[in-house]
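Trainee: Annotation source TrEMBL lists signal peptide at 1-24. Taken from TrEMBL, the feature disulfide bond applies to CYS34-CYS49. Annotation comment: TrEMBL describes 63-213 as domain 'Cupin type-1'. Taken from TrEMBL, the feature oxalate binding site covers ASN108, HIS113, GLU118. If you look up TrEMBL, you'll see HIS111, HIS113, GLU118, HIS159 marked as Mn(2+) binding site.
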Amino acid sequence: MTMDSKLVILFFAVAMAIASSAMASDPSPLQDFCVADHASKVLVNGLVCKNPKYVTEKDFFFSGLDKANNSKSRVGSIVTPVNVAQIPGLNTLGISLVRIDFQPGGLNPPHTHPRTTELLTVLEGTLGVGFVTSNPENRFISKVLKKGDVFTFPIGLIHFQINLGNDPVVAIAGLSSQNPGVITIADALLGSKPPIDVNVLTKAFSLDKDVVKYLQDEFSD
């Protein structure tokens, strides 16, 4: 079996696995489809439907998820999303995908998805993953994943992935929302615009003010 064939099988496996829970976050559709009209200036909870008469196969299609992206970022990973922004036909269907490429040692830093549960599978390499439960327990649950392993991140909980090997890692994740959203913890707290008051972060993290100012400068770039 070729690598391309394996990718296709795993893509469908992830999609089918989350299909039963895909509507847990997004509202159920009231028609066959509601292809997003990205040109519309009307603001609704979600996206306005395109006139069905003008819908084509292109509205349900995306190509290129089999190609590795450049993961030479600050954290050594890159996420390629396939959500309603890339496939307008996903509007109201409550499902999306991402591909994540990791350099050796690369990190998908601690983050949360406010609107989705995530189901991740490793296609190549070894990946350390984990999430933290809510207050007051703040329990850290983690696992080392190898090729073919699958791990779930519950909706809204802070989680991460890190490449533990010496080779690149490729992972695919299914998400139970057409627009999962992502809040990267360090970027949100240290790189907000305008910046959060230094006194707030100093007390929250028990850090020296100079350290907080330095970190804010680093994340503001």
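Going from the start of the chain as shown, residues are counted 1 onward.
Just so you know, glycine gets a Cβ as well, placed from its N, Cα and C.
No curator has checked TrEMBL annotations; they are predicted automatically.
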Trainee: Would you list, in sequence order, the residues of this chain other than ASN108, HIS113, GLU118 that have their CB within 8 A of the centroid of the site's CB atoms, where the site is the one recorded for oxalate?
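Mentor: The surrounding set, listed in chain order, is VAL98, HIS111, THR112, THR116, LEU120, PHE153, HIS159, GLN161, ALA173, LEU175, PRO180, VAL182.
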Trainee: Sort the recorded positions CYS34, CYS49, HIS159 by C-alpha distance from HIS113 (oxalate binding site) and give me just the closest.
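Mentor: It is HIS159, whose Cα lies nearest.
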Trainee: Rounded to an integer, what is the Cα-Cα distance in Å between HIS111 (Mn(2+) binding site) and CYS34 (disulfide bond)?
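Mentor: Computed Cα spacing between HIS111 (Mn(2+) binding site) and CYS34 (disulfide bond) is 30 Å.
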Trainee: In sequence order, which same-chain residues at least six apart have a C-beta under 8 angstroms from ASN108 (oxalate binding site)?
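Mentor: Correct list: VAL75, SER77, VAL79, ILE100, PHE102, PHE160, GLN161, ILE162.
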Trainee: Near HIS159 (Mn(2+) binding site), which residues of its chain come within a Cβ-Cβ distance under 8 Å, counting only those 6 or more away in sequence?
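Mentor: Result: PRO110, HIS111, THR112, GLU118, VAL129, GLY130, PHE131, VAL132, PHE153.
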Trainee: Could you tell me which of these recorded positions, CYS49, HIS113, GLU118, has the fewest other Cβ atoms within 10 Å of its Cβ?
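Mentor: Comparing Cβ neighbours within 10 Å for the recorded positions CYS49, HIS113, GLU118, CYS49 has the fewest.
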Trainee: For the Mn(2+) site (HIS111, HIS113, GLU118, HIS159), what does the 8 A shell look like? I mean other same-chain residues with CB within 8 A of the CB centroid.
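Mentor: For the Mn(2+) site, the extra neighbours are THR112, THR116, PHE131, PHE153, LEU157, ILE158, PRO180, VAL182.
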